[in-house]
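What follows is a set of notes on a single structure, which appears directly below.
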Amino acid sequence: MTSADRSRDYIGLAAILIITAATRFIGLGYKIFWFDEGATTFIVKGVIDQYFHPPAYYCIVRFVTNFMGESEYTYRFTSAFFGWLTVLFVYLLAGHLFRKIESGRNLALFAGLITATSPYMVAVSQENRPYALIAFVAVSSTYCLLKALELPRKKSLRWWIAYLLVISLGCYSHIFAFTLLLAGNFYFLLLKISRKSALTYRYYLFVQIAVILIYLPQLTQTFDQVGMRSYTLSKVFDRLGPIYYAVGTMRTFYRFSVGSIFAMPGVGFVKIFKINPQMAALGIAGLLTMFGGILCAIWGLTRHFVRRRHTEFAIFGFSFVILLLLVSLTLDDAKPRQLAHVAPFFIVMIAGGVGLLEKKWKVLAISLILSGTIALHIPYAMSETYPFSTFRWDNIAAYLNENVDDEDVVFINAGTREGYYTLKYYGCDRNLRFAGREHMSEDMPVRYYYDEKGRIHVMGDSALAARIFRETYCRQIWFVNLEYIRSDLHDLTDVEKAEGDFGMGVEVLVVNASNFHLEIVN
């Protein structure tokens with residue numbers, strides 16, 4: 001590479017990193033916390049002392065907020081920073097993989113640009129949750145692993161140390177980090193078989209043992225988190241068929257391409273289309289356009305993989321496609337943002353597929369993918385109804401403080417504990433109780449559900465439940481964000497919808513308690 005080419009690459013990378021900073025940091029504090037973000041603030045403060053997610057992200061955020069103060073901007077700063085670093089490492093990883101492909105450095109810039117402008121990657125970088133951190137861990141640890149395996153043993157030590165540090169950070173950042181470790185081991189095995197040469201085992205085995213020892217204290221919580229899902233052996237066997245693989249892969253693609261726009265809580269595609277058909281139409285056009293470019297890239301990958309060209313790139317793709325399928329098959333209920341550690345690999349593979357196309361098809365694929373990404377980004381960036389503005393918990397808290405008496409009870413659904421802490425973050429000082437899910441704690445021990453006749457059943461501490469309802473009987477019971485409960489209320493009288501800018505999908509309903517038949521259930 002000449003000095004002129006190197007300078008051009010540096011200028012291109014600098015421009016992409018500036019775009020990345022603009023898309024991540026501008027307007028970072030504008031959006032109101034949604035309920036998971038609100039709960040995260042109390043985890044950071046140490047108010048919630050029992051939580052299933054690993055602690056690394058919350059420790060980093062606590063350090064940042066102690067230094068910068070507390071606000072929506074500072075709480076999200078950590079995610080935005082790691083989102084910015086992710087783009088840099090996508091460029092480095094792609095550059096390493098594409099070094100034997102014609103115009104490989106340009107393809108690395110293309111991969112970095114897609115990551116910088118992807119609405120999905122921007123979304124996970126602009127919320128107070130650990131998903132941007134695990135995306136950074138995924139890309140950076142993989143880059144360190146590939147460099148360590150490429151270099152001679154004496155020169156590879158620093159990369160093995162870097163890999164150990166980053167993958168250990170991942171293990172204490174998110175429970176899905178173990179899939180990165182599995183994918184890395186699978187890559188090492190395939191590379192060993194394909195090269196038929198001596199890859200050093202000493203550092204590799206040392207790192208594997210060290211990661212396991214470092215991860216041991218976190219394993220109990222990981223098992224607890226995984227155990228919350230009701231998986232059975234029969235379900236696993238049901239998922240081994242090719243149809244399920246195909247459906248699972250498409251579901252995963254949807255989730256980490258446009259999932260954060262059309263699949264967030266309370267923001268279904270039909271609802272967006274009714275409220276803003278122009279935005280929905282632009283999103284559909286962007287999705288179809290981008291998908292056309294991706295199909296071209298997949299064609300390029302298929303042709304060259306069948307011909308066994310670019311072996312290392314093919315092995316990398318095969319290893320991390322297995323990771324993608326693993327996540328798809330084991331996490332039916334995974335929310336879009338929980339696949340953030342898979343998306344960068346998908347982007348790198350698509351960029352590589354574009355590079356393997358003939359020139360005319362390469363230009364077409366790049367044009368389709370870039371225009372589709374921009375079309376998807378516009379409704380995300382410009383619309384007032386994009387996901388992270390749909391839950392106006394600040395307005396709900398102010399409304400409840402102004403209109404609810406102390407003896408009234410406000411029941412929180414929509415994330416239960418998370419909704420509770422989000423309202424508390426925005427200053428709600430009314431008498432709040434859980435409603436709906438299984439989460440319970442000493443200060444919020446009441447759950448309830450409606451039967452088919454609209455009767456309310458309370459579960460939990462029956463004595464406390466009886467006291468709460470006895471004190472509030474013939475007064476008012478308030479429900480926050482009970483959209484799925486509303487169908488059970490349609491036959492009841494005295495049901496009102498509060499007026500206020502609470503955001504799409506969020507309602508405050510007040511029901512006269514005298515209309516309910518109360519039944520206490522232990």
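Even glycines carry a Cβ here, placed using N, Cα and C.
What TrEMBL annotates here:
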- 12-33: transmembrane segment (TRANSMEM)
- 53-214: domain 'Glycosyltransferase RgtA/B/C/D-like' (DOMAIN)
- 73-94: transmembrane segment (TRANSMEM)
- 106-125: transmembrane segment (TRANSMEM)
- 131-149: transmembrane segment (TRANSMEM)
- 161-189: transmembrane segment (TRANSMEM)
- 201-219: transmembrane segment (TRANSMEM)
- 253-273: transmembrane segment (TRANSMEM)
- 279-301: transmembrane segment (TRANSMEM)
- 313-331: transmembrane segment (TRANSMEM)
- 337-357: transmembrane segment (TRANSMEM)
- 364-382: transmembrane segment (TRANSMEM)
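The recorded stretches the transmembrane segment (279-301) and the transmembrane segment (337-357) share 3+ CB pairs below 8 A when only pairs 6 or more apart in sequence are counted, and are therefore in contact. Residues 13, 16-17, 20-21, 24-25, 28-29, 33, 37, 40-41, 44, 57, 60-61, 64-65, 107-109, 111-112, 115-116, 121-122, 124-133, 135-136, 139-140, 142-143, 146, 344, 347-348, 351-352 of the same chain sit 6 or more residues outside the transmembrane segment (73-94) yet have a Cβ under 8 Å from a Cβ within it.
Averaged over the domain 'Glycosyltransferase RgtA/B/C/D-like' (53-214), the predicted model has a pLDDT of 87.
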